[in-house]
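Trainee: Below are the features listed in Swiss-Prot for this protein:
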- 54-65: disulfide bond (DISULFID)
- 104-112: disulfide bond (DISULFID)
- 114-132: disulfide bond (DISULFID)
- 180-194: disulfide bond (DISULFID)
- 182-189: disulfide bond (DISULFID)
- 259-297: disulfide bond (DISULFID)
- 275-290: disulfide bond (DISULFID)
- 294-336: disulfide bond (DISULFID)
- 312-327: disulfide bond (DISULFID)
- 314-324: disulfide bond (DISULFID)
- 319-320: disulfide bond (DISULFID)
- 103: N-linked glycosylation site (CARBOHYD)
- 262: N-linked glycosylation site (CARBOHYD)
- 186: O-palmitoleoyl serine (LIPID)
- 1-19: signal peptide (SIGNAL)
């Protein structure tokens, strides 16, 4: 594989040990032709990118995107269509599409390359299509084949999962931007050559996190949920899917209480979690994480002071090294702890992922 994959291999991420992503890829290989082996490394990379981005986006939330959640999202016994599951399906589908598209454009995969279908055509006043456009069509095709094939159900939950898979792929399409290069005498830029390029995946993660924050709950009664693949079950859900919602994340069921430990749902609770307080570079939401993770879950915020060592007083020495000293300083870190003698923390119950 090429540069994109090598970056992750250099970071110590070996594909046979990718955990949740490898689990999903293995599920796919059971039912797919051996020809698709060509793309499994790129798909596994994409799945891992999705996991890491999910962890980043939810690092300071009560539900912090544990890696096992990516396994549970395809496990028949644990197929709850919650707000969190909607994000998992979307980010995984988007990340796989992203990784395959980038590897394709770099020439790392067989049977695909840059999208040159528009090259030479006039795109607008003063510019023409050219260069190497990212092949999002191919990336979307492979993502759909891999991810959607994991959904074996035919009930309302399955349709919701497939909808969110597609919303993730639409997020990748929404991130494409036109990049141009000037041509002309003495840099006059009399004409430009332009191509389509995917944005950094962090932008897609931010986009999908915003979709998660305002995800739409589809109201269905228990009779409709049990309808399975009967006509009334499919029709009831189809009626809810208006064209305007195709890029939105949707869910059916409220979230469990993420404040408290629940072994049956593999929820660890927030006790022992670190939170941010007085951090200058933190966002407003991150600044409020101690209240969200600790106080609102019936826990207290405990300050722990520790010595941190960092490089400082660096000087360039001829030739050609940089020598640094070591500086020590005391830093404060904050954790959610249970008050002495208190009972189990009490959270807000349903929809308490915030």
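Cβ atoms here come from the backbone N, Cα and C positions, even for glycine.
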Trainee: In the three-state scheme derived from DSSP, which category covers residue 314 (disulfide bond)?
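Mentor: It is in a strand.
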Trainee: Return the count of C-beta atoms lying within 10 angstroms of the C-beta of residue 194 (disulfide bond), excluding that atom itself.
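Mentor: I get 19 for this one.
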Trainee: Counting across all protein chains shown, how many other Cβ atoms sit within 10 Å of the Cβ of residue 114 (disulfide bond)?
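Mentor: Taking every protein chain into account, the count is 16.
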Trainee: According to DSSP, does residue 180 (disulfide bond) sit in a helix, a strand, or coil?
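Mentor: DSSP assigns residue 180 (disulfide bond) to strand.
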Trainee: Report, as a single number, how many Cβ atoms besides its own are within 10 Å of the Cβ of residue 103 (N-linked glycosylation site).
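Mentor: If we count other Cβ atoms within 10 Å of residue 103 (N-linked glycosylation site), we arrive at 27.
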Trainee: If we check Cα distances from residue 327 (disulfide bond), which of the recorded positions 103, 132, 290, 297 wins as closest?
Mentor: 290
Trainee: Pull out the disulfide-bonded residues from the set 104, 182, 312 whose C-alpha sits within 10 Å of the C-alpha of residue 114 (disulfide bond).
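Mentor: Within 10 Å Cα-Cα: 104.
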Trainee: Measure from the CA atom of residue 112 (disulfide bond) to the CA atom of residue 132 (disulfide bond) and give the result in Å, rounded to a whole number.
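Mentor: With distance taken Cα to Cα, residue 112 (disulfide bond) is 12 Å from residue 132 (disulfide bond).
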Trainee: I'd like to know which of the disulfide-bonded residues 112, 182, 312, 320, 324 sit within 10 A of residue 290 (disulfide bond) at the Cα level.
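Mentor: Of 112, 182, 312, 320, 324, within range: none.
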Trainee: Please report the three-state DSSP label of residue 189 (disulfide bond).
Mentor: coil
Trainee: If you count Cβ atoms within 10 Å of each one, which of the disulfide-bonded residues 294, 320 comes out on top?
Mentor: 294
